[in-house]
Amino acid sequence: MARYGPAEVEALRQQAESDPDGFWLDLAKRLDWYRPPTKAGDWSYNEDDFHIEWYADGQLNLSVNCLDRQLDARGDKVALIFEADEPGTGRSLTYREIYEETCRFANLLKSYDIGRGDRVMIYMPMIPEAAAAMLACARIGAVHSVCFGGFSPESLAGRISDCDACAVITADEGVRGGKIIPLKLNVDEALKESPVPTCIVVTRTGNDVPMTEGRDVLYSAVREALSTECEPEVMNAEDPLFILYTSGSTGKPKGVVHTTGGYAVWAATTFDWIFQPQASDIFWCTADVGWITGHTYVVYGPLMNGATSIMFDGVPNYPDFGRFWETVDRLGVTIFYTAPTAIRALEREGDDWVTRYSRESIRLLGTVGEPINPDAWEWYWRVVGGGRVPIVDTWWQTETGAALISPLPGSTPMKPGSATQPLPGIHAILVDEHGKELEGAVSGNLCLTTSWPGQMRTVWGDHKRFFDTYFTTYRGRYFTGDGCRRDEDGYYWITGRVDDVINVSGHRVGSAEVESSLVSHPLVAEAAVVGYPHDIKGSAVYAFVTLNAGEEGTDAVRQELIKEVRHDIGGLAAPEKIHFTPALPKTRSGKIMRRILRKIAEGATDGFGDTSTLADPSVVDALLAGRQ
Ligand code: WT7
């Protein structure tokens, strides 16, 4: 039985409209506060008075809400199930065990004088210690910044220096898909460029890794001596909780800052509304903690709700394409939440990998990260869910902290491919390119007109960039960067990014970042990068490259450029296609016409629209001739 049936959801929506402050303050009551807030949101999106605050006079500690608070009722309940790369070799931690591990970690950090406001970089596999490290930071008031283990040492170094981290927590090595990931070696590389005084190394494989005396400490060597109790810091609601770097349309990745109270309320609330956890549920969100989905729906949301959450350290195709469903059966997973890219990749391998497992424990399916095409939705529903369980398609962003547009199972009728409707309290609108609000069934750019507790508060170290990025395209509104269609029933259908962000397998790649990596190569004169539709990844990276005069665009050069991008950013950003061209299409004022490049990347041979503003219209013919 849904705890939020149509009547409850309607009541929430009504209260959100008639008494917003009461509505938001009521949501905060689901947490334990040292000092409960008396104020809900206080915000303005206007330049002269720009500010966003939630529950500003409240005080709390998020690790207490995830752990201490659960001990009495469910200290012996499993909090985290570590599902290792090699099936069946993981382990489980109860709430008491993860509480103790967190306290140990917190005490270790404190022994290095790390405390309130200090930044700690986490570069780890999906092991319980990664959650403990995050929770330990929250406990002592340090600000964590998790960097996905697939990012290169170069990217890690950039993040460490941007937030001026005072410590890195890592593991000796990671293991994914049967392959070793040299995490500690990567950290050593990064620390050459951006040194920190302390590096904590957790044992995952136990293989030998170099340790630097005075800087590196092996967690297993000090763990036993660390106390399993640690007094939590009393944090203000608006104290920063974490920084998570994400790619935008311009420049380097932005440090998205989330604060404690508002993020906690919205993560806890949306987890409850959307997944409606029951005591016996086994919840599996397949995301890595290096992404916002892992923060909100692997660690914080489930633990605040006293749920059992799986940390999956593997990949969908190892040891074979049945991995997800074998694991579902073995662990008795009841709620399964993954990305459309994984669904598409598995659909391609045939139904047999799915149907040979029972999957009867599943009662709810979810998707996140990119638009799900109705065909993949249909397969997910019919084959994985056996046509008997609802699907929640949750739209949100790193910036929104937790889901904003999503069905509530049991009360929102589903439509394949639509994230359905904004959650109670969320005000979404569509605008045209001039910012005029569009009514009814229409396509436009997706904006939010009012704030919500989980909204990001700033870009680390660059508040102006925060305002400029999100609040200047359409004055007085938060612009998501997404295009969207609304149908006659008021359902939202996200069509994808309308800015220069490329959504590769549900992860954001900034075209400017890839371009700057390419042009840093000595052979490259100029580069322009766009996204193009890709069967499995959703979108993939297509790079147009002009080499220096006299250089030839051979396959060897192609490989070298791909290597360059992997080195500078990580494998995720590596171009799928590199198209050498003698010139890029530019306007007379020198602006690259990406519209034309997108068309060419999509495979079009005509229909380029008005090309009369090009400085040299013959460039288009040269581009077409040079296509691979
Ligand atoms: C972008 C945000 C939300 C956590 C994972 C990605 C796209 C996200 C959906 C969805 C259509 C979606 C949007 C958004 N997106 N969820 N259910 N349907 N598109 O977080 O890396 O910050 O990316 O992902 O384009 O803007 P992110």
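Backbone N, Cα and C define each Cβ position, glycine as well.
Bear in mind that TrEMBL entries carry predicted annotations, made automatically and left uncurated.
Sequence annotations record features per position, and here TrEMBL assigns domain 'Acetyl-coenzyme A synthetase N-terminal' to 10-66.
Under the heading domain 'AMP-dependent synthetase/ligase', TrEMBL lists 68-451.
What TrEMBL lists as CoA binding site is Arg176, Gly177, Gly178, Lys179, Thr293, Asn317, Ser505, Arg566. DSSP assigns Lys179 (CoA binding site) to a strand segment in the three-state reduction. Under a cutoff of 8 A between CB atoms, and with a sequence separation of 6+ in the same chain, Lys179 (CoA binding site) has no neighbours.
Under DSSP, Trp396 (ATP binding site) is assigned to coil, being neither helix nor strand in the three-state scheme. Within 10 Å of the C-beta atom of Trp396 (ATP binding site) sit 24 other C-beta atoms, taking all shown protein chains into account. Per TrEMBL, the feature ATP binding site maps to Gly369, Glu370, Pro371, Asp393, Thr394, Trp395, Trp396, Gln397, Thr398, Asp482, Arg497, Arg508.
Feature annotation from TrEMBL assigns domain 'AMP-binding enzyme C-terminal' to 513-591. The average pLDDT for the domain 'AMP-binding enzyme C-terminal' (513-591) in the predicted structure is 94.
A helical conformation is recorded for Val519 (Mg(2+) binding site) in the three-state DSSP classification. The Mg(2+) binding site annotation in TrEMBL covers Val519, His521, Val524.
As annotated by TrEMBL, N6-acetyllysine applies to Lys591. Note: Lys591 (N6-acetyllysine) has no non-local neighbours, i.e. no same-chain residues 6+ apart with C-beta under 8 A of its own C-beta. Taken residue by residue with DSSP, Lys591 (N6-acetyllysine) is part of neither helix nor strand, so it is coil.
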Gly369 (ATP binding site) to Ser505 (CoA binding site) - Cα separation in whole Å:
8
Cα distance (Å, whole number) from Val519 (Mg(2+) binding site) to Arg566 (CoA binding site):
14
Using a Cβ cut-off of under 6 Å to any atom of ligand 1, determine which of the binding-site residues His521, Val524, Arg566 qualify.
none
Do any residues at least six apart in sequence from Val524 (Mg(2+) binding site), in the same chain, have a Cβ closer than 8 Å to its Cβ, and if so which, in order?
Leu518, Val545, Thr546, Leu547, Asn548, Leu561
When you measure from the Cβ of Thr398 (ATP binding site), which residues in the chain that are at least 6 apart have a Cβ under 8 Å away?
Leu244, Thr246, Val256, Trp291, Ile292, Met456, Arg508
Of Gly177, Gly178, Pro371, which of the binding-site residues has the most Cβ neighbours inside 10 Å?
Pro371
